[in-house]
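J.: Here it is, the structure, as structure tokens.
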Amino acid sequence: NSSISEFVLLGLTNTWELEMFFFFIFLLAYAAIVAGNLLIVVTVTFDSHLYSTPMYFLLGNLSFLDMCISTITTPKMVTDFLRETKTISLWGCMAQMFFLHFLGGSEMTLLIVMAVDRYIAICKPLHYTSIMNRRVLMGSVLLSWAVGFVHTMSQMVFTITLPFCGPNRVDNIFCDLPLVLKLACTDTYVLELLVIADSGLLSFICFILLLISYTIILVTVRRRSSGGLSKALSTLSAHITVVTLFFGPIIFIYAWPFSSFSVDKFLSVFYSIITPLLNPIIYTLRNQEMKAAMNRLRTQH
């Protein structure tokens, strides 16, 4: 008849020395994530050439999503390394899960939009500016946000009504929906299947669509020998790298034959720290237009 008001996060380790090590590593990583992604967002927003280019407009939105996803989890995780008892309120936990699935679903959909953008740029270059106009771009971004919202609402609308009256220990660095569902004081078997099917289906569809589109692009590029495609191929390699980093760990971890491997914690650290940190590195250090735009902004301001 009693309900709990908070959850206890078990974190990565119970060793004080390791917690201090993780504290400094993750604090530096989060600072780099915010600085790198914010730099991309500001550069794309205030540089007229990049802002009017579909690829960079979508890249700015991707960096914004990455920064938000990391902000939802990493600051709480960093401060928890300094606490003996790592707790989060019930509604704070619900909000964390809501925004994680909202932004995660939006990012997967946005990666598909970016793949379509590269397909049109490489396979239909003469019609690129007419197809990828401002109206299509804004509609595509809004669609990605809508897919993420529907994705999270289809799961959270049932989760917030569950009773929690017993165990409240979550064996992760933040509130993970499948782990929290297991703590409910009722049978959640059907809801757990719904969550797995919902997230799994969205990830599978996005990955298959990305695989098909990039395969078509690579075949098209191979058939053409024009030197003008070298620039497009360079940007395409950056997109493929990001997609591989995004979906690769999920495929590898769930195909791993040893159950002792900590799947949840590995994926939590990877998607809250590593992926948002690598995206700005891949898209800025290898991109001459982005570096030139940053230099222009630096000289102007």
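Cβ coordinates are placed from backbone N, Cα and C, and glycine is handled just like the others.
For reference, TrEMBL lists these features for the protein:
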- 36-283: domain 'G-protein coupled receptors family 1 profile' (DOMAIN)
- 20-44: transmembrane segment (TRANSMEM)
- 56-74: transmembrane segment (TRANSMEM)
- 94-116: transmembrane segment (TRANSMEM)
- 136-154: transmembrane segment (TRANSMEM)
- 201-221: transmembrane segment (TRANSMEM)
- 233-256: transmembrane segment (TRANSMEM)
- 268-286: transmembrane segment (TRANSMEM)
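For each feature listed, report its degree of burial, its nearest neighbours and the pertinent distances within the displayed model.
T.: Same-chain residues lying 6 or more positions outside the transmembrane segment (20-44) and placing a CB less than 8 Å from one of its CB atoms are 12-13, 50-51, 56-57, 59-60, 63-64, 66-67, 70-71, 74-75, 77-78, 81-82, 273, 276-277, 279-281, 283-284, 290, 293-294, 297.
Sequence-distant neighbours of the transmembrane segment (56-74) (same chain, 6+ residues past either end, Cβ-Cβ under 8 Å): 26, 29-30, 33-34, 36-38, 40-41, 44-45, 50, 96, 99-100, 103-104, 106-107, 110-111, 113-114, 117, 137, 140-141, 144, 173-174, 268, 271-273, 275-276, 279-280, 283, 289-290.
Long-range Cβ contacts of the transmembrane segment (136-154) within its own chain (Cβ-Cβ under 8 Å, at least 6 residues beyond either end) map to 54, 57-58, 61, 97-99, 101-107, 109-110, 113, 116, 194, 198-199, 202.
Beyond the ends of the transmembrane segment (268-286), by six or more residues, the same chain brings 12, 26, 29-30, 32-33, 36-37, 39-40, 59, 62-63, 66-67, 69-70, 72-74, 77, 104, 172-174, 176, 234, 238, 241-242, 245-246, 249, 294 to within a C-beta distance below 8 angstroms of the stretch.
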